[in-house]
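J.: Supplied in C-alpha cells, the structure appears directly below.
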Amino acid sequence: MAALCLTVNAGNPPLEALLAVEHVKGDVSISVEEGKENLLRVSETVAFTDVNSILRYLARIATTSGLYGTNLMEHTEIDHWLEFSATKLSSCDRLTSAINELNHCLSLRTYLVGNSLTLADLCVWATLKGSAAWQEHLKQNKTLVHVKRWFGFLEAQQAFRSVGTKWDVSGNRATVAPDKKQDVGKFVELPGAEMGKVTVRFPPEASGYLHIGHAKAALLNQHYQVNFKGKLIMRFDDTNPEKEKEDFEKVILEDVAMLHIKPDQFTYTSDHFETIMKYAEKLIQEGKAYVDDTPAEQMKAEREQRTESKHRKNSVEKNLQMWEEMKKGSQFGQSCCLRAKIDMSSNNGCMRDPTLYRCKIQPHPRTGNKYNVYPTYDFACPIVDSIEGVTHALRTTEYHDRDEQFYWIIEALGIRKPYIWEYSRLNLNNTVLSKRKLTWFVNEGLVDGWDDPRFPTVRGVLRRGMTVEGLKQFIAAQGSSRSVVNMEWDKIWAFNKKVIDPVAPRYVALLKKEVVPVNVLDAQEEMKEVARHPKNPDVGLKPVWYSPKVFIEGADAETFSEGEMVTFINWGNINITKIHKNADGKITSLDAKLNLENKDYKKTTKITWLAESTHALSIPAVCVTYEHLITKPVLGKDEDFKQYINKDSKHEELMLGDPCLKDLKKGDIIQLQRRGFFICDQPYEPVSPYSCREAPCILIYIPDGHTKEMPTSGSKEKTKVEISKKETSSAPKERPAPAVSSTCATAEDSSVLYSRVAVQGDVVRELKAKKAPKEDIDAAVKQLLTLKAEYKEKTGQEYKPGNPSAAAVQTVSTKSSSNTVESTSLYNKVAAQGEVVRKLKAEKAPKAKVTEAVECLLSLKAEYKEKTGKDYVPGQPPASQNSHSNPVSNAQPAGAEKPEAKVLFDRVACQGEVVRKLKAEKASKDQVDSAVQELLQLKAQYKSLTGIEYKPVSATGAEDKDKKKKEKENKSEKQNKPQKQNDGQGKDSSKSQGSGLSSGGAGEGQGPKKQTRLGLEAKKEENLAEWYSQVITKSEMIEYYDVSGCYILRPWSYSIWESIKDFFDAEIKKLGVENCYFPIFVSQAALEKEKNHIEDFAPEVAWVTRSGKTELAEPIAIRPTSETVMYPAYAKWVQSHRDLPVRLNQWCNVVRWEFKHPQPFLRTREFLWQEGHSAFATFEEAADEVLQILELYARVYEELLAIPVVRGRKTEKEKFAGGDYTTTIEAFISASGRAIQGATSHHLGQNFSKMCEIVFEDPKTPGEKQFAYQCSWGLTTRTIGVMVMVHGDNMGLVLPPRVASVQVVVIPCGITNALSEEDREALMAKCNEYRRRLLGANIRVRVDLRDNYSPGWKFNHWELKGVPVRLEVGPRDMKSCQFVAVRRDTGEKLTIAEKEAEAKLEKVLEDIQLNLFTRASEDLKTHMVVSNTLEDFQKVLDAGKVAQIPFCGEIDCEDWIKKMTARDQDVEPGAPSMGAKSLCIPFNPLCELQPGAMCVCGKNPAKFYTLFGRSY
C-alpha cells in the first residue's frame, strides 16, 4: 500500500485524526504535514476531508489497532459517539447536558466502548480538549468526577500528551503552540490581503534545476498561501524559446514536490501569448510603443547616454508595418524589437524605453513555429499576473528598479494592478547560484551531476542531508526581510540540526586504518538492547554486542595511561591495565578490566567502541565529507569564479561500522557518535554473487552549523588538564640564554625574517584600517602568525617591534658601508614621500591619489625596513658605519672577558626576559617575586665575578644613556608644542604620542622599554567607525564581551550614566513620578496579547526555553520593553478616578536581539535605560506630561552633555506604533553627516488602556466606565555614544565637566634624579593638598602619582580619557606658588596662582562646558538648513547636512523621498548610501510655511516643515 499523507491546517488541527495517526503509525505508513486544509490523501484521485471519514478509514486499514471495535455492536456504539461529539458536545447550549450524559456512561467504565481504546475515546477527548467551556470548568474544578477521571487518564498517555502539546487547542481550535518558541523572522502583513482571497505565484524559468534561492521564493509564496488560505499558482515562464527545455519542466516539478509544495494551479506564460500580443498592438496603436531596428550595442549605448532612438517618433502606421515584419520573422523583422515609449531621460534605467517584444525564429517547446515574436519577461509578467488573478507578486529586491516599469505597463494597458512586495535575495558565501556557472561545473566533470552534495540545487542540498523542514525553518527565520546580506551556510545547517538532532538514531563507526584492539579479559560475549537515541525513547532500541575483544579509535588509545578508568559508552567504566606498543612507540593493543560497579562518569574519558563478534559483523562504511566548491567567500562583480575553484573538495574515509548500519536505507539520517550527522547515500549491500564483493554503506557528512571541529578523542575534562599541563611545561623556567655566537648565515636569515614579520604587520594594520573583508584580514593575520612562529624558531625568542634579535642586529651592524649609504638614501625617500602624503591629505585630494601615495609610502618603508632591519622613525636617520659597533662585543663589559662571565651575562639577560614576560601576562605576585629574586641573585653573581655592575644593552647595541634626559625633557617638549583645535591638535598629539611613548628608558636589567599603542591610530575625519571603536576602548569606557552585541560598561562610562540618572531621577520626582521595578521576564501569553504593539520588536525578542537541560513548558520572553509587564498591574490598581494618576519609572535593562551590525552604545542587544509609564484621567494631563518629560530629556543633552537638540514630533510613519503621537529630540553628528534620535516621549492615548482594560468609573457619569490616557517615555545609554561622537577629537574623548567622573587630574612633573628626596615628598604632598582643596570645593579630582610612567605618557593617557582639566605642578611651580592648568577642549594653558585654585578652576570648568555647547551649536546651525526642492535637498544631503523641507505628512510620500535620496551603487566608497528619513516635525522650524506651498513630492500641499536627513 502506498504511503498516506495527512495534511493539517495549523489554524484548526483535527486532534482526533492526529491521535488516530499516533495509534496506527506502527501498522500504516503515514506522514503529517501542514497545509491549508485538513485532508487525508489516499491516492491521486482519492482524498477525505471529513474528520470522521478520516478516522474510520484509518481504523479500518489498521485492523490490529482495534480502534473501530471488535464486532458490529461496538461499531455502532463508536458511530454514536462520533455523532455525539460532532453535535451535542460541540454545542455551547447543550454542553452541560452532554457532559452529564457522558459522566453517567463513564461511571463504571474505563473506556467509552469495550475494554480498550477506540475512536469513540479519541473523538470525544479531542472535542473536550478544544472546548473553551470545558477548559474553564477544569480550571475552576467544576467538572463531574467520572468525566474528569477519564479525561485525565487519557491525557496522561504518551500519544495524547504528544499531540496535546504539539497541537495545543485548549479553548481555541485556532491556536498552535509548538514545543518551543519557533525561530521565525518577521513576515510582512501583505497590504490589502484578505483571508481566502490572496493569490500568489511562483514563476520559474524551465532552463535548469531549482536551487536554494528558488526554494526561498517558493517557500515564501507557500507561506502566504497557507497563512491566508489562498491560492498558489505555479507558472512556467517560457517566454524565451532558446532557454526553455521540456526536460527541465519535469525536473522543476520534481524539485517542487521534494519541497512539499502543492500549487493550486499550473500554468504557462505561453497560455496567454495571444492576449499579450493583442496588448502589445494596443500600445502601438495608442502611440505608447514603437518598433526599433537599432543594433543591440548601439541601443545599449543610447540608453546609457539617454539619447532617443531615431524610430521613437515613427508614425503608428510605420510601427505597425515594422511589427508585421517582426511577426513574419523576416530578415528585417529579426533585426527589430518592440520598445515601450516611456521616458529616455529617467534616472531609472529601466524606464528608458525598455524592450517589450523581440523576434526569435527558434521553435517553442509548446507552441512550435506558431509565433516568431515573444514577449520579454518584464512585459509578460504584469499582464499574466493581472489575468490570472494574482493579488500579491513577491519579487527579490534585485527587481526593485523594474517595479516602476511593472506599474507603468499595468496603467498603460488599463488592467488590474497586483501589489508587489520585495524580499531579499538569498546570497550564500562560497557559492555561485548562476545557472550558467553551475552548468559549467557539470560539463567540466568537477561534480557528479546536478544533485552533487556540493551544489546549491534543491537536489544537492537534500542529498547532503538537508531536510525540507530544516529548510522551511531557515526561510521562516529570514522572514520577508528586504535586507540583502551574504550568509554563511552554517546558519542553514544549524536550523537543519534542530530538526534532525531529536530524531536521528545514534550509531558508532571507527576509522578502520587506526583501530586498536582492547582485550577486556573478564567480559562475556552477549547482546543487550539500548536506546537508539539517549533523549528520545520513540526512536526505539538497537542491539549492542559485548565481547572480550573490542576495537577503539587509535586517537583515543593515545590519550590513555595505565591504571586510568575510561567510560565505554553504552557499557560502563573499564580500567586500562596494560598498554602494548611496538618498536616505534605506536600502541598495538590494550588490556583492560571491567569496573561496571563504579558509576562515577563525571571526569572520565568517554569513548566509542565496537565489539568483535561472529554474531554481528562490523559493516564496512565510507564517510564522505564535502567542502565548498568555491574557496573565496564573496566573489566580486568582475571576478572570475574559475580562479577560485576548490580542486580538493571531496574526502573519503573507510570506516569500521556498527552492525546496525546494514539496515540503513537510502536517505536515512543518523548520528555517528563523536563524528557528527550523516545521511545514507548508498545502503550496504552484502556479497554479490556477480562480483563476489560487498558494497560498503556510503554515508555523507551533514554539516551542523558548528564552526569548531568535532572532538575526535578523549573528554573535555581531560583535554583541559592536558592543555593546562602543556601550558605549565611551556612556562618560562631558568634556561640558558640563546647562543650569541650564531653563524653569519643564521643571522642573515633572522634579519630577513624580522623584516618580513614587520612588513606583514603593516599589511594587517592597513587591511583593518580599510575595513577589508574578514576573510582577507584572517588570511593576513594567519600569515603573520606563521612568520612570527618561524622567527621564534629561528632566533629562540619572541618577535618584538623595534627590538630585533641579536642575530638580526649583528647582520645589520656587519653590512658594508655601501649599504649604509643606500639606507640613508632610502630614509630620505621615505621622508619625502611622507611629505607628499601629508600634502595630499591637507589639500583634500581625491581618495584614489591619496591611496596611491600611501601605498608608495608603505612600499618604501618596507624596503627601508628590509635594508636596515628596523622600522623607519622620523628624525632618526640610519647611523654611519663606524657608529655601529658589534653588539655582541658591546654586550661584554671591559672587565668581563672570562668565558664564565659571558655565560653569566647571558643568563642575567635571559632571566630579565622571564620577569618581563611574567609581568606582561599578569602572573601571580608569588611567581613574579620568585623570578625577580633569581634575577637579583644572578646580577650579584655577575658583579662578584667581574667586579662591575651588570648593564643591559639596547636594541641598537648602545647603552641607553639618554633615557633620564629624555624623561626630563618630555614635559618641556610637551609644553612648548603649539596646540590647535581639531585637526591640528590631533596631528600633534598623534606625533607626540608616537615619540613620547618610548621616552622612558628601560629599568635595570629589563632591556629596552616596550612601546605601547596608547594613542589613537585612526582619525575621526578619515575613518569614523574605527576611530569610534578605538576611542571607547582605549579610553576605558567599553570592554568587549564574548556574546555579540553585549558590552561591559567600565566605570569611566558607567559614571556618565550615573550623572544622567542622578539629574533625571531628581527632576522626575519633582513632578511626582515614583521609581519601581518590574520583572525582566514576560510570559508568552502577555506578549501575544499585545502582538500589534510588539510587532516591530517580534524578530528581536529573546526567549528562555530551557531550565538546565529541561525544556520549559512554555517559553518565556526577556523584555524588549515593559508595557506588557506593567499595564496588567495598572489595570488591577486603577478602579476609580481617585487612583489616578499612576506615574511610575524604572531604571533597568532590556534585550532586543537585533540582527544588524551592533555598535557599542548606539546599537546593542542589551542596553540600560529608564522607562516611564503614566496613566491619567484626561487627555490633556497626559499631553502635559509628554512635553514636560521631553524638556527634561533636552536638558540632559544640552545642560549635561553640552549637545544641542531639535525638539519636535515624529511623523505618522516614524511614530511609536502603539501611540497616538510621539515627541522626540534629535541630535546631529557632523562627522558622519547623520542625525541620531536622542530620546522619545509618547502619548499613547487610550490604545493600551483598552487593550489591558485600565478603566475607572467616570466621576461625572456614575456607573459609566472610562479608559485611562497613558504616556510612556525612555532614555538609553545611547546618550553616551552620541556624546563621544559629537565632542571627541583625534586625541580621544572630550568629556563635558558636568558628567565627567574626574573633572581635574593632578600630575606631578619635573621629578628627576637630581631632585632630592625631601623635594620629591614635598611635591607629592602638594599634589595631595590640591586634591583635598578641590574635593572641598565639590570638584571631582584625581591625583596620578604612578612612578612607572613619565609625565608625557600620563598627559596622553588622561587626554585620551577626556578629563576636562589637567593640573601640572612641579618644583618650580611650588616655589612660585602657582600651577599650570591645561584645558582639554582647546589645549589652552593657564598659569594660576595657588591661592585662587578653587575659584579659577570652577570658572574654567564652566567655561569648558559652555564652549563645548557653543561649538556643537554652531556645528548644528551650519549643518541644518531649509530646502524647498528635492534637487536642493539631495545636494544638502550629499554635503553631509540635514534639512527642513516642506512635507505633506503622507507615508507613501515619505517612502518616495527615502527611495529618491538613496545613493546609487556607483558613488564613492564609504559614502552613506541610505535614503533620508523624517527625523521630526520641529516645534520651532527655521522658517514659516508659506500659504500654498507644495510638498517636495510635488503632488500634495505641504502641511509643515519637517526635518529630514540620513540617520543612525
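Positions of Cβ are set from backbone N, Cα and C atoms, glycine also.
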J.: For which of Lys181, Lys300, Lys599, Lys1265 does Swiss-Prot record the feature N6-acetyllysine?
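T.: Annotation hit in Swiss-Prot: Lys300.
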J.: If you check Swiss-Prot, which of Lys788, Lys1403, Lys1458 turns up marked as N6-acetyllysine?
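T.: Per Swiss-Prot, the residue annotated as N6-acetyllysine is Lys788.
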J.: Scan Lys491, Lys512, Lys861, Lys1441 for the residue that Swiss-Prot records as N6-acetyllysine.
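T.: Per Swiss-Prot, the residue annotated as N6-acetyllysine is Lys861.
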J.: Which of the listed positions, Ser724, Ser817, Ser999, does Swiss-Prot note as phosphoserine?
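T.: So the answer, going by Swiss-Prot, is Ser999.
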J.: Nearest to Arg1152 (omega-N-methylarginine) by Cα distance: which of the modified residues Lys788, Tyr872, Ser1350, Lys1503 is it?
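T.: Spatially nearest to Arg1152 (omega-N-methylarginine) by Cα position is Lys1503.
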J.: To the nearest whole angstrom, state the Cα distance for the pair Tyr872 (phosphotyrosine) and Lys861 (N6-acetyllysine).
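T.: Cα of Tyr872 (phosphotyrosine) to Cα of Lys861 (N6-acetyllysine) measures 6 Å after rounding.
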J.: What does DSSP say about Ser1350 (phosphoserine): helix, strand or coil?
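T.: In three-state terms, Ser1350 (phosphoserine) counts as coil.
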J.: From the modified residues Lys300, Lys417, Lys637, Lys788, Lys1503, pick the residue whose C-alpha lies nearest to the C-alpha of Ser1350 (phosphoserine).
T.: Lys788
J.: Consider the modified residues Lys417, Lys788, Lys861, Lys1503 and say which one has the Cα lying nearest the Cα of Lys300 (N6-acetyllysine).
T.: Lys417
J.: Give me the non-local Cβ neighbours of Lys637 (N6-acetyllysine): same chain, 6+ apart in sequence, Cβ-Cβ under 8 Å, ordered along the sequence.
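T.: Set apart from Lys637 (N6-acetyllysine) by at least 6 residues yet with Cβ under 8 Å, there are none.
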J.: When DSSP states are grouped into helix, strand and coil, how many residues of the compositional bias 'Basic and acidic residues' (299-308) land in each?
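T.: When I sort the residues of the compositional bias 'Basic and acidic residues' (299-308) into the three classes, I find 7 helix, 0 strand, 3 coil.
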J.: Of all the modified residues given, Lys300, Lys788, Arg1152, which has the fewest Cβ neighbours within 10 Å once its own Cβ is left out?
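T.: Minimum Cβ neighbour count within 10 Å, taken over the modified residues Lys300, Lys788, Arg1152, occurs at Lys300.
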J.: Are any of Lys417, Lys788, Lys1503 (the modified residues) within 10 Å of Lys861 (N6-acetyllysine) when you go C-alpha to C-alpha, and if so which?
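T.: Hits: none.
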J.: Taking every protein chain in this structure into account, which of the modified residues Lys417, Lys861, Lys1503 has the most other Cβ atoms within 10 Å of its Cβ?
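T.: Result for the most crowded candidate: Lys861.
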J.: If you count CB neighbours within 10 Å, which one among the modified residues Tyr872, Ser1350 has the smallest count?
T.: Tyr872
J.: Could you round the CA separation between Lys788 (N6-acetyllysine) and Lys417 (N6-acetyllysine) to a whole angstrom and send it over?
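T.: One finds 65 Å between the Cα atoms of these residues.
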J.: Between Lys1503 (N6-acetyllysine) and Lys417 (N6-acetyllysine), how far is it from one CA atom to the other, in Å?
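T.: Lys1503 (N6-acetyllysine) and Lys417 (N6-acetyllysine) have their Cα atoms 30 Å apart.
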